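Here is what TrEMBL records for this protein:
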ACT_SITE  Asp535  active site
BINDING   His587, Cys597, Cys599, Cys604  Zn(2+) binding site
DOMAIN    53-391  domain 'UDP-N-acetylglucosamine 2-epimerase'
Amino acid sequence: VFIKPFLHQQLSHRKMPENNKARKKLRVCVATCNRADYSKLAPIMFGIKAQPDEFELEVVVLGSHLIDDYGNTFRMIEQDDFDIGSKLHTIVRGEDEAAMVESVGLALVKLPDVLHRLRPDVLVVHGDRFDALALATAAALMNIRILHLEGGEVSGTIDDSIRHAISKLAHYHACCTRSAEQHLIAMCEDHARILLAGCPSYDKLLAAHYRDDYMDIIKNWLGDHVKEHDYIVALQHPVTTDIKNSIKIYELMLDALISFNKRTLILFPNIDAGSKEMVRVMRKKGVEQHPNFRAVKHVPFEQFIQLVCHAGAMIGNSSCGVREAGAFGTPVINLGSRQTGRETGENVLHVRDADTQNKIYHALELQFGKRYPCSKIYGDGNAVPRILKFLQTIDLDEPLQKTFCFPPVKEWDISQDIDHILETQSALAVDLGGTNLRVAIVSMTGKIVKKYTQANPKTFEERIALILKMCKEALSDAVCLNCRILGVGVSTGGRVNPQEGVVLHSTKLIQEWSSIDIRTPLSDALHLPVWVDNDGNCAALAEKKFGHGKGVENFVTIITGTGIGGGIIQHNELVHGSTFCAAELGHIMVSLDGPECMCGSRGCIEAYASGMALQREAKRLHDEDVLKVDGITDMKNNEPVSAVHLINAARLGNSKADAVLQTAGMALGVGIVNILHMVNPSLVILSGVLASHYQSPVQQVIEQRALPSARSIRVLTSDLEEPALMGAASMVLDYTTRRLY
């Protein structure tokens with residue numbers, strides 16, 4: 001239901017074949033094998049059911065859905081008001097390798113009759129389970145078109161082989177990440193039949209992220225005395241290519257959880273080979289009777305979302321830990337090799353060689369109770385509309401035989417979206433200035449797609465509320481502009497701890513903005529990862545990605561505006577310093593008894609060369625009635641004197657105004673000479689409104705006062721119009737989230 005308005009909006013613009021008016025409803029068969037794949041398929045099923053004029057839905061249930069030991073989870077499909085067309089008992093019990101093979105064979109015996117009776121136009125198959133392989137094999141041999149969800153991913157076990165085999169049998173692909181899309185292209189799949197959609201479960205997951213009754217759900221499963229962020233969710237499955245070791249890891253995990261002494265909700269493993277032995281280990285250790293544990297076979301997905309969202313940590317090797325948990329910032333400990341190769345957010349701590357209880361216990365100590373930025377690697381909440389639009393573009397008259405592309409001919413940054421056009425990877429950039437608050441959608445190439453500007457409020461509450469309002473407006477517009485927002489970058493004045501996303505001390509221009517956590521409220525409200533840094537550092541990052549600093553290993557950017565700031569790039573990395581004030585370039589002292597600076601000291605570069613310093617001197621000359629020159633008309637009544645009047649007066653020959661600018665240029669030049677002697681960059685980039693006025697005098701001071709080895713260093717003025725916004729965007733666009741323990 002939550003996608004219906006979006007669908008009506010998109011369908012009015014879609015491009016359909018000319019003969020579409022006479023086209024019959026598309027008969028779509030969705031086949032689900034277990035509780036995990038149903039959480040991905042259910043949002044699509046609801047979407048199909050919501051459009052009875054376009055689609056006819058058939059549902060086939062098989063696999064562990066129909067086994068009591070695994071919760072008889074077919075009942076939740078019935079509770080969702082879906083008519084199950086066929087129930088196929090396809091599992092051969094035994095939970096070993098031979099039983100898995102026999103289960104595939106049994107499914108292949110039973111499926112032809114069902115598929116022949118239903119005669120679907122398209123069969124939707126999810127993931128990498130052995131049951132799904134049987135479905136894809138039967139459909140391919142019966143000339144039924146197959147749409148495969150979540151192909152192209154890498155996880156490091158037999159699941160990889162099954163997943164890729166299904167992809168080769170499938171005619172169409174809806175994948176979750178750009179890397180998965182590239183893997184499918186590398187496998188010679190037709191790029192025109194690959195949709196970069198995102199994970200369908202994220203549509204439901206993000207929509208139901210916050211519920212007022214989440215504590216009732218927690219207490220229902222874990223007891224009345226459990227608090228938010230003070231319990232663990234554990235879910236560990238066998239690794240079919242290394243059963244013996246996976247059982248050992250499971251035993252060590254249980255020992256570590258028992259020692260850790262926190263309330264734990266532990267779910268039974270899936271039906272793969274080795275699961276029976278894992279259940280024996282659980283019962284041998286008395287987990288089902290242990291006062292700290294609640295062992296269950298199944299939790300409804302909507303409730304499971306809340307349990308994971310508010311957990312102190314999740315542990316095991318379930319794909320939920322490396323995929324869905326990232327959307328909440330829930331800390332995860334991933335054990336063993338089952339998810340090797342998966343793309344993960346920074347919330348995941350990998351314990352690849354989980355060979356001791358102490359190592360797992362230490363990982364729990366490191367992760368439990370922490371919170372991380374929300375990650376949307378696997379989806380942005382709009383997967384279902386994309387997939388439904390993709391289904392509607394399937395031409396049933398085109399040849400069924402697959403064609404393969406040898407070799408791939410598309411560039412890495414081309415993706416297929418709902419209208420078969422480029423969906424641009426973009427960032428949401430926020431710039432907090434002393435006067436204005438600005439938000440922009442910035443593409444991977446540095447193009448500002450759309451910009452929003454409002455006056456910066458004076459109070460913290462109003463400022464945060466306005467940032468969220470502007471960001472939400474931009475996110476809404478991004479869908480129509482075909483931009484996929486990867487995260488939010490914030491540029492702000494003052495001293496910033498970028499690791500925690502906290503403004504430590506603000507400039508005097510921005511009130512109520514010290515000791516402020518920006519990351520958490522933005523990340524929680526927008527469901528996106530958030531990065532924060534000082535505006536000077538952002539300007540340096542902007543030059544590194546989009547400007548003169550591109551490809552330069554060591555350079556310095558200096559902002560010349562209302563104040564003086566900047567950033568230092570050393571060995572291709574931004575320098576922050578031990579207390580995050582490494583690039584406070586405006587407060588380099590160039591005189592022991594110079595003018596007073598806003599920082600409280602005297603003789604800083606900012607006290608000589610900033611816009612505020614020039615305005616101060618302009619007012620002094622005006623009060624002395626020596627600012628007027630021929631060619632400048634009298635200022636209008638009540639017009640404030642500014643640095644612009646000083647610069648114009650100097651340009652027209654006012655010697656006193658020119659002397660002020662010469663002193664400012666000298667002060668800035670001496671400060672830059674000090675920088676050259678300290679960090680020895682190969683390039684200095686002047687940015688901001690005063691940059692062009694300072695380039696020549698700064699270059700002269702360097703030639704006169706720098707050491708011979710530093711005199712050849714170039715001084716350039718920036719070509720970037722919006723360095724703060726571009727730098728904020730670059731934090732998002734260049735970020736990598738992989739961590740290894």
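In case you wondered, yes, glycine gets a Cβ from its N, Cα and C as well.
Caution: TrEMBL annotation is automatic and unverified by curators.
Annotated features, which come from TrEMBL, shown on the structure.
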| residue | record | CB count, 10 Å |
| --- | --- | --- |
| Asp535 | active site | 27 |
| His587 | Zn(2+) binding site | 20 |
| Cys597 | Zn(2+) binding site | 22 |
| Cys599 | Zn(2+) binding site | 15 |
| Cys604 | Zn(2+) binding site | 29 |
Cβ-centroid neighbours of Zn(2+) site His587, Cys597, Cys599, Cys604, 8 Å, sequence order: Gly586, Met589, Met598, Gly600, Ser601, Ile605, Glu606, Ala607
Rounded Cα-Cα span from Asp535 (active site) to Cys599 (Zn(2+) binding site), Å: 17
Segment confidence, the domain 'UDP-N-acetylglucosamine 2-epimerase' (53-391), expressed as mean pLDDT: 91
Asp535 (active site) and His587 (Zn(2+) binding site), Cα-Cα, nearest whole angstrom: 15
Distance, Asp535 (active site) to Cys597 (Zn(2+) binding site) (CA atoms, angstrom): 19
